[in-house]
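According to TrEMBL, the features are:
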BINDING   A10, S11, G12, K13, S14, T15  ATP binding site
Amino acid sequence: MNIGLTGGIASGKSTVASILVERGAVLVDADRIAREVVLPGTELLEQVANRFGQAILNPDGSLNRKKLGEIVFADDAARKDLEGLLHPQIRLGMKQRMQEAEDTDPGRLVVVDVPLLYESGLQHMFEQVMVVYVPRSKQLERLMARDGITAAQAEQRLNAQMDIEKKKELADIVINNEGSLTDTIRQIDHFIEGKGL
Ligand SMILES: CC(C)(COP(=O)(O)OP(=O)(O)OC[C@H]1O[C@@H](n2cnc3c(N)ncnc32)[C@H](O)[C@@H]1O)[C@@H](O)C(=O)NCCC(=O)NCCS
Ligand SMILES: Nc1ncnc2c1ncn2[C@@H]1O[C@H](COP(=O)(O)OP(=O)(O)OP(=O)(O)O)[C@@H](O)[C@H]1O
């Protein structure tokens with residue numbers, strides 16, 4: 001079986017994913033695939049550099065993610081262009097890895113961490129969708145602390161995504177990650193037990 005794991009930026013998806021992995025799940029991580037598809041030497045990185053300029057490359061030819069992030073989170077049209085280039089390959093990578101995981105061990109829970117699951121309308125790929133929820137104020141607080149960015153930069157990133165309250169409404173399973181890690185672990189264990197895993 002599989003679940004799609006989503007939420008807002010810095011709501012705790014990676015935290016929840018690592019707990020699920022500790023409980024025996026196998027993880028497919030869309031953010032990781034998103035990094036792999038633009039590694040130096042890929043045709044896709046060349047296309048990104050053609051669209052955004054050579055200045056978004058580091059001297060060693062790798063993608064300067066910070067610089068590209070500053071461009072695309074301040075400009076909706078630029079972000080859509082980047083998504084148009086990257087999303088088809090990210091989706092393909094996700095499908096391949098989900099298939100590999102299911103073929104290797106059909107009984108195992110496959111957790112697919114997809115930050116933009118609802119924004120991209122990918123619900124159909126999953127048996128159930130789990131949303132890691134924290135209120136917007138906590139999302140901002142944790143994002144600023146983790147990435148060392150200003151409130152204005154954090155607001156820009158949040159505004160590029162569907163509102164977390166809406167995601168919570170759409171979810172099949174909600175993990176509330178506002179409280180302590182212990183509280184979150186308890187909710188995950190409840191889910192695991194309910195599935196008989
Ligand atoms: C703009 C980029 C280079 C910034 O890289 P950076 O290392 O700073 O961030 P990282 O990739 O770790 O993403 C962190 C978080 O930002 C959010 N985010 C990333 N891309 C987007 C986007 N297009 N729209 C809204 N939120 C986004 C997600 O919550 C993600 O988990 C990078 O995010 C990117 O290539 N984005 C486009 C691909 C994409 O849509 N990825 C997210 C879904 S797989
Ligand atoms: N229950 C919690 N209590 C306190 N801090 C937490 C809790 N859960 C997560 N965090 C912290 O909040 C930050 C965001 O969590 P995490 O990186 O798991 O979010 P994410 O949703 O995977 O982020 P992104 O969308 O950027 O990939 C991290 O610094 C993490 O350590």
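Glycine is no exception: its Cβ is also placed from the backbone N, Cα and C atoms.
Around the Cβ of T15 (ATP binding site), 17 further Cβ atoms fall within 10 Å across all displayed protein chains. Counting other Cβ atoms within 10 Å of each Cβ, the lowest count among the binding-site residues G12, K13, S14 belongs to S14. Sequence-distant contacts of A10 (ATP binding site), defined by Cβ-Cβ distance under 8 angstroms and a gap of at least six in the same chain, are Q139, R142, L143, R146, D147. Other than A10, S11, G12, K13, S14, T15, the residues of this chain whose Cβ falls within 8 Å of the Cβ centroid of the ATP site are, in sequence order, G7, V16, V132, R142, N177.
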